[in-house]
Each structure stands twice: as structure tokens, then as C-alpha cells.
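A.B. asks: Structure incoming, see below.
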There are 4 protein chains.
Amino acid sequence: MAGSSIGQRLVLTSFGESHGKCVGAVLDGCPAGLELDEKDVQVMLDYRKPGQSLVSTQRKEGDIVEILSGVFRGYTTGAPIAMIIWNKDQNSRDYEQLQTKMRPGHSDYPALVKYNGFNDYRGGGRFSGRLTATHVMGGAVARKLLRVALNVETHSYTTKIGRISMRDKFDLSMKEKIYANEVRCPDQNAAKRMRNAILDARKSGDTLGGIIESTTYNVPVGLGEPIFGSLESDISKAIYSIPSVKGVEFGSGFAGSELFGSQNNDPYVTRGGKITTKTNNAGGILGGLSNGMPIVMRVAFKPASSIAKRQSTVDIKTKKPVILQVQGRHDPCVVPRAPPVVDSLVSLVLADHALMGGFIKPVL
Amino acid sequence: MAGSSIGQRLVLTSFGESHGKCVGAVLDGCPAGLELDEKDVQVMLDYRKPGQSLVSTQRKEGDIVEILSGVFRGYTTGAPIAMIIWNKDQNSRDYEQLQTKMRPGHSDYPALVKYNGFNDYRGGGRFSGRLTATHVMGGAVARKLLRVALNVETHSYTTKIGRISMRDKFDLSMKEKIYANEVRCPDQNAAKRMRNAILDARKSGDTLGGIIESTTYNVPVGLGEPIFGSLESDISKAIYSIPSVKGVEFGSGFAGSELFGSQNNDPYVTRGGKITTKTNNAGGILGGLSNGMPIVMRVAFKPASSIAKRQSTVDIKTKKPVILQVQGRHDPCVVPRAPPVVDSLVSLVLADHALMGGFIKPVL
Amino acid sequence: MAGSSIGQRLVLTSFGESHGKCVGAVLDGCPAGLELDEKDVQVMLDYRKPGQSLVSTQRKEGDIVEILSGVFRGYTTGAPIAMIIWNKDQNSRDYEQLQTKMRPGHSDYPALVKYNGFNDYRGGGRFSGRLTATHVMGGAVARKLLRVALNVETHSYTTKIGRISMRDKFDLSMKEKIYANEVRCPDQNAAKRMRNAILDARKSGDTLGGIIESTTYNVPVGLGEPIFGSLESDISKAIYSIPSVKGVEFGSGFAGSELFGSQNNDPYVTRGGKITTKTNNAGGILGGLSNGMPIVMRVAFKPASSIAKRQSTVDIKTKKPVILQVQGRHDPCVVPRAPPVVDSLVSLVLADHALMGGFIKPVL
Amino acid sequence: MAGSSIGQRLVLTSFGESHGKCVGAVLDGCPAGLELDEKDVQVMLDYRKPGQSLVSTQRKEGDIVEILSGVFRGYTTGAPIAMIIWNKDQNSRDYEQLQTKMRPGHSDYPALVKYNGFNDYRGGGRFSGRLTATHVMGGAVARKLLRVALNVETHSYTTKIGRISMRDKFDLSMKEKIYANEVRCPDQNAAKRMRNAILDARKSGDTLGGIIESTTYNVPVGLGEPIFGSLESDISKAIYSIPSVKGVEFGSGFAGSELFGSQNNDPYVTRGGKITTKTNNAGGILGGLSNGMPIVMRVAFKPASSIAKRQSTVDIKTKKPVILQVQGRHDPCVVPRAPPVVDSLVSLVLADHALMGGFIKPVL
């Protein structure tokens with residue numbers, strides 16, 4: 001495959017650019033018989049949508065999805081599901097200076113070299129965070145499929161913005177609180193402080209990064225394949241397709257590498273006749289396979305590269321230093337818009353493996 | 001693909017089990033005309049080999065590689081390069097209790113469920129760290145290819161064992177010092193303390209984890225594809241195929257998520273007429289593409305799961321709690337053996353992208 | 001991949017149904033820098049378009065293609081090229097009886113079983129010949145790419161309708177005559193007789209099949225890969241995606257299997273300092289690789305399954321025999337509309353291999 | 001994938017060369033729990049083995065297969081099954097002249113150009129028919145899997161040698177007669193005449209081609225995917241990986257293209273409460289999907305290119321005409337050795353689709 005597709009049995013293909021006509025997705029391999037309409041997808045897109053609050057970009061996009069194929073009389077048919085969102089509020093004039101002035105932290109420079117100047121640079125073109133809407137289109141279907149077929153539930157939420165962390169460990173009882181605030185942190189106190197930190201950064205023309213955690217419940221034992229088809233391999237590959245992601249860890253992750261084996265191993269116990277583990281340092285994955293415990297992953301987002309502050313850079317034509325002031329409407333922090341994207345990618349990978357492993361049948 | 005292969009234009013297929021006849025690899029898509037013999041591969045295998053020092057397992061394996069195909073009169077032919085190592089010192093009796101007693105931290109339990117008991121459980125079977133020898137077989141070829149064709153150099157080294165960290169930032173001048181000690185840390189003082197920490201853990205029947213960093217120099221600008229073919233996606237997918245890996249980050253990674261955008265962005269400057277960046281928080285990758293700066297990645301390894309200490313677990317047949325004492329010869333810390341594995345996987349991904357992107361031709 | 005995509009470095013993904021909203025295609029991996037607009041695609045779509053003459057279906061579709069992404073300021077950008085045609089003249093009421101009465105020769109029955117009734121059966125749904133418009137969308141781009149980058153020219157033309165064959169062997173001087181008649185046969189005399197045969201079949205409520213030959217000129221030596229990546233493997237895989245195709249042969253093909261080796265071998269000769277062969281029984285492919293001679297392939301199309309005559313079949317619900325009379329507007333012979341489809345698929349495969357083999361660069 | 005692998009869920013990777021150390025195969029994705037040992041594979045290899053009779057090459061190879069991985073205590077484990085045959089009777093001196101004198105009909109010339117002379121040319125190297133032993137290694141496993149899991153039976157047999165055809169239509173009652181003669185034709189009278197034709201050709205230093213038909217029984221309805229995943233697409237791709245194949249047709253094939261639709265359509269009928277068709281012109285495949293009728297395919301083999309007769313060709317160094325007399329031991333007709341190869345490739349494709357479609361589970 002050439003880079004715009006992911007998955008083996010359930011394949012998502014993404015197309016479109018930030019300031020082109022549209023962004024779209026084709027999801028091939030979804031089982032027939034899943035009840036589906038635009039609302040199932042729209043609800044997740046709305047959580048990702050720009051222009052909703054002060055913590056995100058002021059670009060206003062309706063982001064209304066249209067299903068073009070693969071659904072007949074309210075059910076999926078087994079044929080590829082094409083979905084599209086027409087772009088509306090792009091303002092490309094803001095970007096003309098970017099043809100030659102390379103924005104630090106963005107793909108501008110390597111993309112210009114790679115495509116010898118033929119790439120659509122407006123708003124980052126193909127490299128824009130706007131393309132994560134295509135992840136959500138496909139991911140919303142995968143997430144519903146997992147829920148309907150296997151009762152699997154994925155929840156992603158902000159656990160850190162800049163240096164401000166959520167206190168408590170997430171559990172399923174908090175799921176309704178995730179979208180109760182603008183930053184998508186189920187700890188409402190932390191959420192307030194995170195919001196303030198973002199607004200402060202915004203005021204000073206700067207941006208913040210953060211961490212999103214994702215927990216998936218009810219995953220059957222045995223999803224994944226040894227070695228190159230490990231769940232961690234495929235989930236991290238998917239997650240790193242999100243712009244700004246610079247770190248992915250599972251279970252105890254980087255912190256776990258400081259522990260002794262006797263501390264980090266999760267002892268097996270039986271509970272209600274079922275085998276489970278006392279702790280979950282493994283994050284639900286052993287040897288690349290799901291072990292029945294919740295799959296826990298954390299994603300590090302760098303602070304958004306588009307800052308309002310003046311930055312020094314070079315002009316690619318003159319090869320001389322210049323001062324750049326990025327125009328356009330940008331996110332002071334992309335983290336609050338990312339939980340549905342993380343949900344989507346985790347769901348796509350798990351659904352793909354559930355299909356390959358025979359956990360979900362080709363017709364529901 | 002079904003899980004035992006990785007890559008698109010340069011494809012590595014792995015086979016074998018820890019206590020089977022052999023472990024082997026088939027590398028398809030290597031350009032014709034690369035000078036190659038067993039020594040090129042053996043040198044990297046030797047760095048990974050067990051039984052070399054007190055910090056690793058006492059299982060003794062010659063690990064002598066034999067090239068079976070794809071090389072003719074000292075040069076690659078363009079045909080798949082099959083390589084094999086015959087297993088010698090396996091001692092399978094140690095593992096009989098593992099049929100029913102699930103080792104915490106290992107793949108035993110999910111593998112047993114997934115394969116309904118048909119999997120070869122001896123020494124972890126297909127899930128054993130021994131299979132990383134197959135990564136090295138393919139990776140040694142990819143690494144040489146990158147060096148010969150593009151002068152690309154990958155170096156991986158231990159930066160942390162347990163809580164002991166390397167002090168200095170790695171630079172190319174240190175490359176000769178990596179293998180000058182048993183723990184593969186170019187900082188010799190830290191190396192000594194790391195070694196002691198491992199021996200202490202060993203003595204108490206415990207294990208340690210750690211961090212390996214990998215830096216790749218001279219990568220041309222523009223390797224990688226947007227979105228799902230990002231270098232970070234493909235590198236992390238490869239790295240997570242190593243047993244015990246629980247975290248992967250690039251550039252400033254998790255720490256970078258605490259910074260402001262104005263701190264984390266890497267300003268462009270010209271140096272000797274060439275465009276480069278002042279800092280390298282991006283770890284050499286922007287928008288999924290190489291930007292010409294060194295590619296910097298860190299990998300978190302959990303402490304090895306096979307500890308000599310007694311552990312509580314359950315017997316899968318009786319579903320009752322039992323005490324397990326793992327027999328066999330195991331690594332008190334797998335980190336020191338992993339740098340050639342990380343080198344290999346990074347090289348495989350970069351060579352694959354270099355071929356796809358036209359940076360390396362199908363015949364040298 | 002899940003069945004709706006083809007290619008490795010140049011990947012075509014098809015979506016849509018005969019009576020859905022649209023049919024569309026995403027072409028990923030096209031090099032940046034190819035001059036491209038809708039006209040390049042429309043000209044080939046027009047040759048395939050229904051409703052143009054008495055020898056094809058009377059369904060009228062404008063079949064106007066719209067490029068949605070991947071082209072910026074008149075040139076391809078390297079991003080996926082999404083293209084769409086909105087369906088207009090579908091008349092789905094004709095198909096209601098098909099929910100239970102299985103049409104002989106069509107996919108109705110296996111599709112109903114496979115998808116347990118969830119498939120969109122209207123007009124054949126996903127299995128309709130209408131989907132070959134998506135092959136042409138992608139193929140028109142591939143064909144232009146091959147012409148611009150390598151001067152490769154593919155021409156496909158009707159050589160047989162029913163029992164009426166073209167007399168002469170095709171050569172490049174005839175290329176302008178292919179589209180000079182409704183049946184797309186460069187031999188104008190044969191074309192007349194073929195047209196009459198189709199009209200006769202139509203009058204009697206019946207249909208005809210035939211043969212299309214495809215010849216590709218100026219293919220460089222060495223495209224293709226040994227064994228599973230042979231040009232014949234990949235071309236035949238692509239061609240068999242066309243509904244109604246039941247045979248594919250290269251060079252002397254089935255007839256060649258009756259010859260002696262001494263007759264069928266193509267002796268090498270030099271001509272103008274260049275190595276070539278006296279004859280071309282190999283059809284330009286040896287060992288799966290192009291040998292520099294024209295690639296010659298023939299495709300057998302069965303007579304169209306939708307006949308106006310009454311047919312006996314079974315009702316899937318009652319499992320009783322019934323008489324079926326297929327309504328709707330159908331092609332008395334699909335062969336005249338297929339040459340641009342064959343051109344497209346051959347071009348897609350050759351362009352894919354040209355990119356993989358380094359014959360075309362990622363940026364023109 | 002880079003050309004040496006085929007399949008998606010069940011993936012065969014082939015390695016080795018005609019005069020190298022070995023030929024081998026890795027089959028990944030085979031379900032766990034299939035009883036398997038070397039004998040299951042050997043029996044099919046023996047049917048393909050050279051040196052068995054006057055109608056095939058006199059090169060003697062034991063062709064004893066060794067299973068290297070993926071089988072534990074007599075059952076498949078779900079891990080990749082690596083298999084190997086060590087080459088023994090190669091006689092490479094015969095081939096030295098071939099470095100410069102291009103054999104007509106062989107891959108010598110395009111391979112030399114493609115690999116710039118680095119390819120192993122001895123005995124055709126990677127392009128040799130000897131590599132079909134790797135198809136049989138994987139195919140024998142797939143064939144057993146289909147039989148055990150689904151009662152699917154594939155039988156391939158010679159129906160034509162040169163101009164001599166088998167009389168009767170094959171049916172299942174003839175299956176025991178296929179290997180009752182050297183040419184593998186179940187019609188014993190035709191077999192005798194075919195044998196004589198081959199011996200005559202051999203005596204005159206010439207070779208013959210022919211046709212193999214393959215029929216597969218008990219295929220469930222609904223294997224295959226629409227468009228690019230059609231059974232015909234995937235079977236023909238696999239079959240064209242066999243050297244010397246120049247034509248593939250299904251059902252009525254090329255002959256069917258001369259019929260009217262009313263003649264070629266297969267009317268549905270019920271038989272014993274089951275839906276079936278009166279005739280089988282579709283060859284068991286409609287819309288790319290199996291329809292429950294036997295899958296019938298025919299394969300055209302060109303006459304073997306290695307003839308003992310003197311041939312004119314060119315010397316690649318001098319670019320001057322030369323006379324070539326091919327040395328070595330060659331098949332006067334490769335068709336009699338090919339039925340197990342065709343069986344194998346059909347089985348691999350059907351098993352792959354059976355796994356993807358959920359007809360066979362990941363653990364038996």
C-alpha cells in the first residue's frame with residue numbers, strides 16, 4: 001500500500017487536503033449487517049470539530065459527513081463504505097507566504113523537498129490535522145462494530161495538558177464525564193486548570209501539548225498476532241499517523257522500565273471463575289496478544305507547531321534567515337480535539353484483528 | 001500479511017521457535033549488487049548472542065548464521081535472501097510445568113487461549129525473545145545496504161537501566177564506545193553502575209528493564225509517506241515487535257509534551273549553505289517525513305518477566321492458585337542484548353522507505 | 001487488503017454501487033508533477049459510457065468525472081487522487097423481482113448467500129459492470145503517466161464478436177481506427193459484420209460475447225518480479241476483476257500450447273544494435289518480466305448474462321422453479337465498451353511495476 | 001510485498017534457486033490444530049519430482065522435504081511453517097555458456113538486464129521451474145487444510161499434450177486414474193498417445209506443451225470478494241506464477257465467448273432441496289464468488305523452451321548472432337509434472353479465501 005491506507009481485513013483509505021474540496025475516507029471490509037447511518041459517525045466527528053470553544057481553532061467547519069456507498073436500507077452491505085466531508089471555511093490566502101518560508105515544527109520543508117514543490121502547501125495540505133477527520137469517519141464505524149459485535153468499549157481522554165495532570169486513575173464509571181468539559185478530562189478540577197493553562201498559552205501567542213490515555217474494555221483474549229502483527233505494533237502504527245504525536249506507551253510504559261520484574265509482573269488470579277490479573281502493568285497486552293485485561297495506552301502530543309509568536313526561520317528560495325509570523329486560525333492545543341481520533345484508530349486496529357482472528361464474522 | 005512479515009518493498013519474513021529446530025528469516029526485495037556474506041550478518045548477531053557475560057542468560061548458542069539463497073559469487077542477486085540459525089542448547093524439560101502454570105508477564109496465557117493449546121510453549125515458542133535473531137539477520141543486510149548506498153548510519157545504545165541513566169547526550173564520536181562494555185552504554189561510568197545494578201538484581205532473583213536510544217545519521221530529506229506511511233508509524237510498528245517493549249518515543253517525546261510550542265519548535269537555520277535546524281526536538285521527523293536531522297528514538301523495555309523469585313499464579317487446568325518458580329536460564333536484563341535488534345528494525349524500515357521513495361535503486 | 005483495492009506502489013481503491021449515489025476511485029501513489037485534469041480521464045470514460053449506440057445499453061449516464069483531491073494548480077501532488085461520478089439514470093424498480101428470483105449467469109445467488117441478504121442487489125450492486133468506470137478513472141491517470149514518463153502506449157481493441165474475427169494482426173498504424181466504429185475493431189469490414197451480429201442478437205433478445213486484444217508498446221526490459229510478482233500474474237489478476245471475463249492469455253496462449261518448442265521459441269536477433277526477437281510468441285513477457293517486445297494479451301468475455309429472453313430459474317424463498325424475464329436496459333454485448341477498461345487495468349499494473357522497479361521516479 | 005509471497009491471510013513465501021543450496025517455503029497463517037507431518041507434503045512433491053520417467057527431465061533429485069517450524073507434536077501451531085528441500089544433483093557447468101548466450105524462450109535476457117548481471121543464471125536461477133517445488137510445499141498443506149476443514153477436493157490433470165486431447169469430461173470417479181500413467185491424464189487411451197507424442201518430440205530434440213484442467217469440488221457458496229478479490233483474479237495470479245503458463249480460462253472460457261447468452265447462462269434448478277445449476281459454463285464462479293458448483297479452470301502451458309535442437313540467438317557481449325545448443329537435462333514436456341503444482345496453487349488461494357471469509361476458523 002502507498003501510505004494512505006491502513007489495515008488488512010478492515011482497510012481504511014484516506015483522501016483529501018486541508019484546503020482542497022473535501023476530506024474523505026473509504027472503509028473496506030466492514031461486515032454486512034451492521035445498522036449504520038450518518039448519525040453514528042457525526043456524533044464522533046462533532047467531538048473533533050473545530051471552532052467549538054476557546055481552547056481550539058476558530059476555523060468553523062460544519063464537518064457534516066455524507067455516506068456515499070456501502071449502506072443500503074440502513075445496514076452495511078459488505079461493500080466499501082465511502083464517506084465525505086466537504087471543506088467550507090478554508091482561507092487559503094493566509095498561507096501564501098508559506099510557499100517559501102518554512103514553518104518550524106511543520107512538514108513544510110520535508111514535504112517541499114520530497115515533492116519538489118508540487119505538494120499542496122495550503123494549510124499543511126495532506127499533512128494537516130484536518131485529515132484526522134478521515135480517521136474518525138472510519139473509526140466511528142469500527143467502534144460501533146466492536147460495541148455491537150463484542151461489547152468492546154474504547155474511551156480516550158486527556159490526562160495531561162502541559163504540566164497539569166489528572167489525579168485519579170480512569171475507570172469506566174467516569175466515561176460520561178469525559179465530554180463534560182472542553183478539554184476532555186474526566187477529572188473536572190484538573191480540567192479547569194488545564195483550560196486555564198491553554199487560555200494563558202493562547203494569550204501569549206503560544207501553544208501547549210499533553211497526553212491522552214485510552215482504555216479499552218471487554219477485549220477478548222487472543223487478539224493480535226505474534227511478532228510483526230502484535231497489537232502494540234498495529235496500534236502504535238495507527239496512532240503515529242496523527243500529526244503531533246511523539247510518544248506511545250502501553251501499560252506501565254516508560255515508568256515501568258524503572259521497576260523490578262517482581263514489581264512489574266501482573267500475578268494471575270481467578271475472580272468469579274475467570275482468570276484475570278491483580279495489576280495491569282502490561283496494559284492488557286502480553287506477547288502482542290490481548291490478555292483480557294483493559295488495553296491501556298498513552299499518547300504524547302507535542303505542543304502545536306503553529307504559534308502566533310514571531311519565529312526565526314529561513315526562506316527556501318533565498319536561503320536567508322527571515323522572521324515568520326504564522327497567520328491563520330490555529331489550535332492553542334490540539335489535545336482536546338484528539339480523543340475521538342485516538343478512539344477511532346484504536347477501534348480500527350482492534351476491529352481489524354477481531355475480524356482476522358475470527359472474533360467477528362463477515363456477516364453480523 | 002499474516003503477522004510474520006514486515007515491510008512493503010523490502011519484506012522480512014521470520015520463522016522458527018525458541019526450542020524448535022531453528023530460527024530463520026527471508027528478506028525479499030533487497031537490491032541486486034550488494035556485496036554480502038555471512039560475516040556481515042554474524043557481527044551483529046554476535047552482539048545479540050546469549051551467554052556472553054553475566055548480565056545476560058547463560059544459555060549458550062553459537063548462533064552461527066548460514067545464508068541459504070539470494071547471494072551469488074559474493075553479491076546479492078535480487079532474489080530473496082534466506083538465512084538460518086540452527087538451535088542447539090535448548091533445554092525443554094525446564095518448561096514442562098508451563099503447560100498449565102501461566103507465567104506472569106509472559107504470553108503463555110493469551111497464547112494458550114488463542115491457539116487452544118496447540119502452540120509450542122517451550123521457552124515461549126514463537127513469542128520468545130530468541131526470535132529477535134531473525135530481526136537481526138534481516139536488519140544486518142538492511143543496515144549494510146543503507147550504509148553502502150546512502151552513507152546512513154544507525155546506532156543504538158543503552159541510556160538507562162532501572163533507575164540509572166547515561167549522563168551525556170549521544171553523538172557520533174561515541175559510537176566506538178557502545179560495545180566497549182557489557183551493557184552497551186557509551187558512557188563508561190554509567191555502564192559500570194548499570195552492570196552492578198543488573199548483577200544485584202540477578203543475585204536477588206529479580207530482573208531490570210531500561211531504555212535504549214537509537215540515532216540515525218545522514219538520512220536524506222523526504223523519506224516516509226504522509227499519514228499511515230509515516231516513518232514514526234512504521235518504525236514504532238517494527239520496534240513493538242520486540243518482546244518486552246512497552247514504550248516508543250521520538251525526539252523530545254513524552255517530555256516534549258510539557259513544553260510550550262515556542263520551546264519545542266526547532267528553528268530553521270542555514271549551515272554551510274544547507275538548511276538544518278538549531279535543535280532537534282522533532283527527532284528528525286516532521287509530518288512523518290525525515291527532515292535531514294538525525295532520527296532519534298527511545299525504546300522502553302519492561303524488566304524481563306522470567307524472574308527466579310517465587311510468584312503466585314493460577315493453574316489453568318485446576319483454576320486454583322499455585323506458586324510458580326520459573327526454571328531455565330534467563331536474562332536478568334534483556335536491554336544489553338537489544339541494541340543490535342533496535343538497529344536492525346530501524347534499518348529495515350528506513351531501507352524499505354528508501355527503496356519506495358527512489359532513494360535506493362533496485363540494482364546498486 | 002479487503003478486495004476493493006489493487007496495486008502495491010500505485011494503489012487503486014474502488015467504491016460505489018450500480019444504483020447507489022455514485023461510483024468513485026482513489027488512486028494512491030501517483031508521482032507528483034504529472035499534469036492532470038478531468039479531461040484526461042473523461043476522454044477514456046466517454047469511450048466506456050453507456051447509451052452511445054445501438055450496440056450498448058440504453059441507460060444514459062453523463063458519466064462526468066470530478067477530481068476531488070490530489071491535484072493542485074494542474075499537477076498531481078503525490079497525494080491520493082480521489083475521483084467520483086454521480087449516478088443519475090438508475091431505475092431501480094426494474095430490479096425488485098431480483099430479490100428472490102436469481103438471474104442465471106449473475107452474481108445474485110452467491111452474493112445473496114455470502115451477505116445473507118444485506119447486499120445491495122439493485123442493478124447487481126457492487127458486482128455491476130458499472131464499477132468498471134472506477135477502473136477507468138484510475139487507469140486513465142496510469143495510462144497518461146506511462147505515456148509521459150516512458151512513452152509506453154497501450155491499445156486495446158475488439159478482435160472477435162461471437163464467431164466473427166478480425167482478419168489482420170494489429171499494428172501501431174491501426175490505432176486511430178479503433179474508435180472509428182461502434183464495436184472498437186480496427187478492421188472496418190469485420191467491424192460492420194460484428195455490429196450486425198450484435199444487432200441480430202439484440203433483436204432476438206439474446207447477447208454475444210467476444211475477445212479483446214491488448215498490445216502495449218515501448219515497455220522497458222525488466223518490469224515485473226519473478227514468481228508471484230510476474231507481469232502475467234498481476235495483469236491477469238487485474239483483468240479478471242472485469243465482470244464477464246472468463247479467459248486471459250498472453251502471446252501465443254492456448255494456441256501456442258499445440259506447437260513444438262522449436263516453433264514457439266522466439267529467436268533473438270539484433271536490429272539497429274538493439275536486441276529483439278524475430279517473433280513474439282511470448283507476448284513480450286519471459287519469466288514474468290517484460291523483454292522489450294510488445295506485451296500482447298487477449299481477454300475472453302462471455303456473452304452478457306442479462307438476456308431479454310425468458311429463462312427458467314428458481315425462487316430463493318420458495319425454492320420452486322420460476323420463469324424470469326429480466327427487465328432493465330442492458331448491453332446486448334459488453335465487449336465494445338470494454339477496450340478502455342482493459343487499457344486501464346493493463347496501465348495500472350504496468351505503472352505499478354514501473355514505479356516499483358525504479359523506471360518511474362516518485363516525482364516527475 | 002516484493003514478489004516472492006502470495007496470499008493475504010494465508011501467505012506463502014518462496015525462496016531458493018535452481019542451482020543454489022536449497023529451495024524453501026514459509027507458509028504463514030495456517031490455522032493451529034491441523035495434523036501434519038512431512039508425509040503429507042512428500043506425497044505431492046513426489047508427483048512433481050524430476051527423473052521419474054522418460055517424459056520428464058533426467059535430473060535426479062530426492063526432493064525430500066523437511067519441516068523446520070510451525071509443527072509441534074504432530075499438529076500445526078499457528079506459527080509459520082517453514083519447509084526446505086536441499087538441492088543435490090545440480091550440474092552447473094552445463095550453464096556457463098548461458099552467461100552471454102541468451103536462450104530463446106527463457107528469462108535469461110530480461111533477467112540479465114533487470115539485475116545488471118548479478119542474477120544467478122545457473123539453471124535459470126530464481127526463474128527455474130524447480131521453484132514450483134516451493135508452491136507444492138505450501139500447497140500440500142493448504143490442500144489438506146481444505147479437505148479436513150471443508151471436505152474440499154482439488155484435482156488437476158492433463159487434458160491435452162500438443163494436439164492430442166483427452167476425450168471425456170472429467171468427473172470425480174476418475175480421480176484415481178490421474179496418477180495411473182506418466183502423463184497424468186485420466187483417459188488411459190489418450191495418455192498412451194500423449195506419452196508417445198512426448199517421446200517423439202524428445203527424440204527429435206524438441207518439446208511439447210499442453211493443457212491442464214483443474215476441478216475443485218465441494219466449495220462452499222460465497223468464497224471470494226467482489227472486483228479485485230475475485231476468485232478468478234486470485235487463482236489466475238497464482239497460476240501465472242508457474243513458468244511456461246501462457247493462458248488461464250474458467251468454465252466455458254474462450255470457447256464460451258462464441259456462444260449466445262441464452263446458451264452460456266447456467267439455469268438454476270433445485271436438486272434435493274439444494275440450489276444448483278443445470279450446466280456449469282461459469283466454472284463455479286459468478287461475480288468473482290464461488291456459486292457452489294465445481295470450480296473448473298484450464299491452464300495452457302507453452303512447449304518447454306529448453307530444446308536440444310540448435311537455435312540461433314545473439315551473444316549479449318558481442319551483440320553478434322551465434323548458434324546455441326542447450327546442454328543440461330531438460331523436460332521434453334513440463335505438463336506431466338505440473339498437476340500437483342496447479343493443485344497447490346488453487347488450494348492456496350481457496351484456503352486463503354476460506355480463512356478470510358470465515359469458512360475456516362483460526363484454530364481447527
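Heads up, the Cβ atoms here are built off N, Cα and C, so glycines get one too.
So TrEMBL has the following annotated:
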- D:Arg48: NADP(+) binding site (BINDING)
- D:Arg126, D:Phe127, D:Ser128, D:Gly287, D:Lys302, D:Pro303, D:Ala304, D:Ser305, D:Ser306, D:Arg329: FMN binding site (BINDING)
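Surface or core, plus neighbours and distances: that's what I need for these features.
C.D. replies: Cβ neighbours within 10 Å of D:Arg48 (NADP(+) binding site), excluding its own Cβ and spanning all shown chains: 23.
Taking all protein chains in view, 24 other C-beta atoms sit within 10 angstroms of the C-beta of D:Ser306 (FMN binding site).
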A.B. asks: Would you mind reading off the Cα separation of D:Arg48 (NADP(+) binding site) from D:Ser128 (FMN binding site), to the nearest angstrom?
C.D. replies: 14
A.B. asks: Are there any residues in the same chain, six or more apart in sequence, whose C-beta is under 8 angstroms from the C-beta of D:Ser128 (FMN binding site), and if so which?
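C.D. replies: Listed in sequence order: D:Glu17, D:Ser18, D:Pro243.
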A.B. asks: Roughly how wide, in whole Å, is the group D:Arg126, D:Phe127, D:Ser128, D:Gly287, D:Lys302, D:Pro303, D:Ala304, D:Ser305, D:Ser306, D:Arg329 that binds FMN, by largest Cα to Cα distance?
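C.D. replies: Maximum Cα-Cα distance: 44 Å.
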A.B. asks: Return the residues near D:Ala304 (FMN binding site) by Cβ distance under 8 Å, restricted to its own chain and a separation of at least 6 in sequence.
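C.D. replies: Result: D:Thr207, D:Leu208, D:Gly209, D:Ser244, D:His330, D:Asp331, D:Pro332, D:Cys333, D:Val334.
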